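What follows is a short report on a single structure.
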Amino acid sequence: MEKLLWCLLITISFSQAFGHEDMSKQAFVFPGASATAYVSLEAESKKPLEAFTVCLYAHADVSRSFSIFSYATKTSFNEILLFWTRGKGFSIAVGGPEVPFSASEIPEVPTHICATWESATGIVELWLDGKPRVRKSLQKGYTVGTNASIILGQEQDSYGGGFDENQSLVGDIGDVNMWDFVLSPEQINAVYVGRVFSPNVLNWRVLQYETRGDVFIKPQLWPLTNCCES
């Protein structure tokens, strides 16, 4: 009997820690600064990446620098990093090196962000609310590694860890989708207004995730759209 109860407790604990579900119209909420609160995402595709597009909504309320999307491998902790730096703006890192996209201040309203990169040209793009910034170049010829640790809410200074409270997100993140190719400008604008083109790395409607610390799932605060139409 005791063994059965122990197995039931393990099963219940596991089901609370892990999810694999449709997150449409929901968001992860990080209500306070912390070095222990984060969401770990499991990629659907495990292959090396010659290109990618990451799109998400972010709503932050901090006056300091913070991480938005952290994709680490055992050989590069900043394999893919989308980061906000106070006084400078956004930056996108691929394989360690990064390029900046200047902005005077973090938007005070939920912002739709898309970041793209391709190995063939090294071209990096940043789109904010359906509007592109000037294209830049980074890591031409590089290949993004496999077996990634993908974290929301923290920057990884080691594989799956090394978190710093002063780089943590305070706010909401949602509608996180990722593809292993660069979406066209028309597709990015379509994603911004609510359509999604079959994400094959991370898919918000069949998201596999694990939450740790004070992270909560609440209804999203940005405009409700059919975010998961294919």
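Cβ coordinates are placed from backbone N, Cα and C, and glycine is handled just like the others.
In TrEMBL, annotation is done automatically, which means it is predicted and not curated.
Per TrEMBL, disulfide bond is recorded for Cys55-Cys114. Annotated domain 'Pentraxin (PTX)' per TrEMBL: 24-223, in sequence order. Positions annotated as signal peptide by TrEMBL: 1-19.
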Around the Cβ of Cys114 (disulfide bond), the count of other Cβ atoms that are within 10 Å: 24
Cβ-Cβ distance under 8 Å to Cys55 (disulfide bond), same chain, at least six residues away: His112, Ile113, Cys114, Ala115, Asp175, Val176, Asn177, Met178, Leu183, Ile188, Val191
